[in-house]
Structures are given as structure tokens and as C-alpha cells.
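*Asks:* Quick one: structure below, then a few questions.
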Amino acid sequence: MAVAAALTGLQAEAKCSICLDYLSDPVTIECGHNFCRSCIQQSWLDLQELFPCPVCRHQCQEGHFRSNTQLGRMIEIAKLLQSTKSNKRKQEETTLCEKHNQPLSVFCKEDLMVLCPLCTQPPDHQGHHVRPIEKAAIHYRKRFCSYIQPLKKQLADLQKLISTQSKKPLELREMVENQRQELSSEFEHLNQFLDREQQAVLSRLAEEEKDNQQKLSANITAFSNYSATLKSQLSKVVELSELSELELLSQIKIFYESENESSPSIFSIHLKRDGCSFPPQYSALQRIIKKFKVEIILDPETAHPNLIVSEDKKRVRFTKRKQKVPGFPKRFTVKPVVLGFPYFHSGRHFWEIEVGDKSEWAIGICKDSLPTKARRPSSAQQECWRIELQDDGYHAPGAFPTPLLLEVKARAIGIFLDYEMGEISFYNMAEKSHICTFTDTFTGPLRPYFYVGPDSQPLRICTGTVCE
């Protein structure tokens with residue numbers, strides 16, 4: 001019994017923990033565990049820095065292993081002992097049935113039991129499929145052999161998965177470090193912005209203090225002068241009151257003509273309630289610009305004949321003289337409009353347009369199917385989502401145009417499209433503040449839309465983080 005147990009233990013130690021077969025060309029790794037050379041090489045195939053042991057997960061630093069020739073010879077001995085044991089087992093396999101004392105010679109498929117011929121008699125196994133143990137053993141041996149390769153593959157895949165997962169902590173550290181650096185950079189820029197804004201606000205406050213001090217000093221001087229005038233008047237009144245009737249009455253006209261100075265007004269201190277123009281959306285907008293900025297160019301084939309598109313397709317302006325251009329089907333012929341590239345079918349995208357001092361413009365997105373011969377885009381906002389400057393006022397066109405109140409004149413407009421969310425948002429880049437957001441369900445391709453207006457000032461697509 002002890003010999004059998006020892007032999008079983010030897011058989012287990014002689015097998016690879018990866019393929020579960022006898023060790024082939026055995027090698028030993030840093031932690032002392034043994035594997036087939038090909039198995040450990042496959043397990044470490046995609047690793048570069050840390051090489052975990054498939055058994056104990058010890059991190060081997062350089063992925064080195066050494067051949068174990070002595071273990072290889074022991075494996076051959078273990079195989080020989082296994083073969084001898086198998087032959088002996090075959091000789092001893094003639095076992096008697098405990099119930100009938102007959103040789104166990106048949107196998108019941110339904111009950112998965114080895115039986116003697118008497119066991120197959122009714123009623124215990126009546127109607128069951130029984131077959132000789134030789135044929136049954138061949139059948140199940142083939143079945144078990146068919147399990148070996150799938151199990152080996154499953155085990156190899158599992159080892160590869162474990163190896164991949166073992167690299168995840170390093171990936172996590174790298175991701176956290178990258179995000180930490182991004183956050184540090186964002187907060188550094190934010191702090192720089194706040195420092196500049198603080199200096200500007202404090203400088204304006206100091207100027208206001210100086211201005212109020214000067215006005216207050218002038219007001220005090222005015223009251224001091226007026227006080228001196230009143231003292232002079234008092235002296236004259238006392239002096240006149242002591243004169244005779246004739247002298248008093250003869251001095252009255254002179255007195256009233258010379259003493260007509262009015263009292264100065266009281267100066268009240270007034271400080272503007274100034275504050276930092278830092279908007280709540282600043283940090284989020286900076287992330288949007290950094291992550292989703294997309295390069296936009298103009299499509300000359302859609303440009304109205306009175307529009308001149310620059311060679312780099314980044315600038316467009318209106319001219320009173322019509323250009324001789326091919327009559328492409330998508331060219332606008334009524335309003336001075338041009339569309340841009342690329343087409344948007346999905347995703348999130350940000351771009352920025354410099355409008356400068358133009359007196360009239362409209363920008364946004366539209367469907368690729370927007371009619372080019374119409375005088376204006378659909379008023380119901382079904383084909384074009386845009387904001388505009390017209391008649392010195394900002395508006396969101398639609399069935400019921402909505403006025404937009406901007407605290408600071410917009411010289412550059414940021415546009416953020418979230419196709420899946422069905423949102424297009426507009427930002428005043430002068431103060432990085434949100435203007436408005438349209439919500440709809442987008443279907444089909446969308447394109448950048450530019451209404452240039454009838455003045456010669458250009459519209460320009462910004463190529464950097466902000467417009468120069």
C-alpha cells in the first residue's frame with residue numbers, strides 16, 4: 001500500500017503543472033518549480049518585465065530557467081514504472097463480484113457499473129444496455145482521450161489569461177500615473193488662469209480705489225472752499241447788519257450779486273461689484289477641447305458663388321463679385337453658405353470658429369441633405385442646428401427664435417457635438433462660457449455649417465487649441 005502511494009506521488013511529481021502530462025525537456029525556474037521547456041516558454045511568451053510562476057505566482061525577474069537533466073532521467077524511470085504498474089494491473093483486473101462470486105465481465109451503460117453475468121438478470125438491470133468490459137473500456141478510453149486536448153487548450157488559455165491578468169496591476173499603475181499627470185497639468189493651467197484673473201481683478205480694484213480717492217479729495221476741497229465762502233458771507237452779513245439804513249440798503253445789491261455760489265454735491269463712494277470671470281464650465285470645456293478637438297476644413301464644392309474659400313480651406317469671406325465656379329449639385333446658390341468636412345456619423349467632436357468683428361453670421365451643423373436652393377434652413381430646426389448674429393443680436397433660430405444673452409462679445413465660438421446623445425452645444429470662447437445646447441435625435445451624416453453673411457470680414461476655422 002505504501003509502495004503504491006509512493007508510486008502515485010512520484011507519478012504526480014513527474015508531470016507538468018501546465019499541460020498535466022509527463023515533463024518533456026524539463027526546466028527549473030527561479031522559485032524551484034519544474035515545467036516542460038515549451039510550456040513555460042509559451043506561458044511567458046508575451047511578458048517583458050515580470051514573469052510569474054504558474055504554480056506559486058512568484059515573480060521571476062528576468063524569465064530565466066535552467067535545464068534539469070537529472071529530473072529528465074527520473075521522468076523516464078517514472079514512465080517505466082507506470083508501464084509496469086499498468087501491465088500488473090491488467091493481470092490483477094480479474095476481480096470477482098462480491099454478490100455472486102463471479103468474474104466482473106460486463107459494463108452497464110445506464111448505471112455506469114461493472115457487473116458479472118448474473119447481475120444482469122432481472123430485475124436490477126432489466127432492459128439496460130450492457131457490453132463486455134473490453135469494448136466498454138475502449139469506448140470510454142477514447143472518450144477520455146478526446147477530452148485531453150480540449151482540457152489542455154482550456155488550461156493553456158487559462159494560464160495565458162492568468163499571465164495577462166498578472167500584468168494588469170502594472171497597467172493600472174501606468175493608467176493612474178497618466179491620469180494623475182493629466183489632472184496635475186489641468187489644475188496647473190487652472191491655477192495659472194486663476195492667478196491671472198486674481199491679478200486683473202485686484203488691479204481693477206486698485207484703479208477704482210485710486211479714482212474714488214481722487215474724487216473724494218476733490219469733493220473735500222470743494223466743501224472746504226464752500227466753507228470759506230460761507231465764513232466770508234457771515235462776516236459780511238454781520239458787518240452789514242451794523243450799518244446805518246442808507247449804507248445798508250446801498251450795499252444790498254452788491255452783496256447779492258457777489259454771493260451766489262451754490263453748495264457742491266456730496267460725493268458717494270461707489271465700487272463696482274467686480275468678480276472673476278472664471279466660468280464653472282472652464283475645466284470641463286478644457287477637457288472637451290483636449291480630448292475631442294477635430295480638424296475641420298471647408299468644402300469649396302458647396303460654397304456659394306459669392307464666397308471665396310482660402311487655399312488651405314480654413315478661411316472664407318464674402319465678395320460682391322460672383323465667382324465663375326462649376327455648378328455642383330450641392331453648391332448653395334441663394335444664401336452665402338458653405339459646408340465643411342468631415343461628415344459626422346457618430347462620436348463626440350469639438351471645433352472652434354473665429355467670427356471676429358463680423359456683423360452677421362450663423363454657424364452650427366446640418367444634415368447632408370440640407371436643401372441648397374432654400375433661402376434659409378428649416379425654421380423648425382429639423383435639418384440645421386445653429387446660432388446666429390443678426391441685427392446686433394444673438395439668436396437660436398427655430399420655429400420660435402430664441403434670443404441669446406452674451407455678457408461678452410463673441411469673437412470665437414466653440415462647437416461640441418455628441419452624436420449619440422443627440423446634443424450640439426455652443427460656447428463663447430472669449431470667456432469659455434456655455435451659450436446654449438440643442439437636443440434632438442440625429443440620423444444620417446451631419447456636416448459643419450457656415451453662413452458667412454454679406455460683409456467682407458472672414459470666418460476662420462481655428463487650428464490650434466484656441467484661435468490666435
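Just so it is clear, glycine is given a Cβ too, placed from its N, Cα and C backbone atoms.
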*Asks:* Quick check on the annotations: Swiss-Prot lists zinc finger for one of 16-57, 268-309. Which range is it?
*Replies:* 16-57
*Asks:* Please identify the range among 92-133, 134-175, 344-385 that Swiss-Prot labels zinc finger.
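*Replies:* That would be 92-133, per the zinc finger entry in Swiss-Prot.
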*Asks:* What parts of the chain pack near the zinc finger (92-133), using Cβ distances under 8 Å and only residues at least 6 beyond its ends?
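*Replies:* Long-range Cβ neighbours of the zinc finger (92-133): 139.
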*Asks:* Around the Cβ of Cys97 (Zn(2+) binding site), how many other Cβ atoms lie within 10 Å? Please give the count over every shown protein chain.
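*Replies:* Neighbour count, Cβ to Cβ under the 10 Å cut-off: 16.
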*Asks:* Including all protein chains shown, what's the count of other C-beta atoms within 10 A of the C-beta of Cys119 (Zn(2+) binding site)?
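*Replies:* Cys119 (Zn(2+) binding site): 20 neighbouring Cβ atoms within 10 Å.
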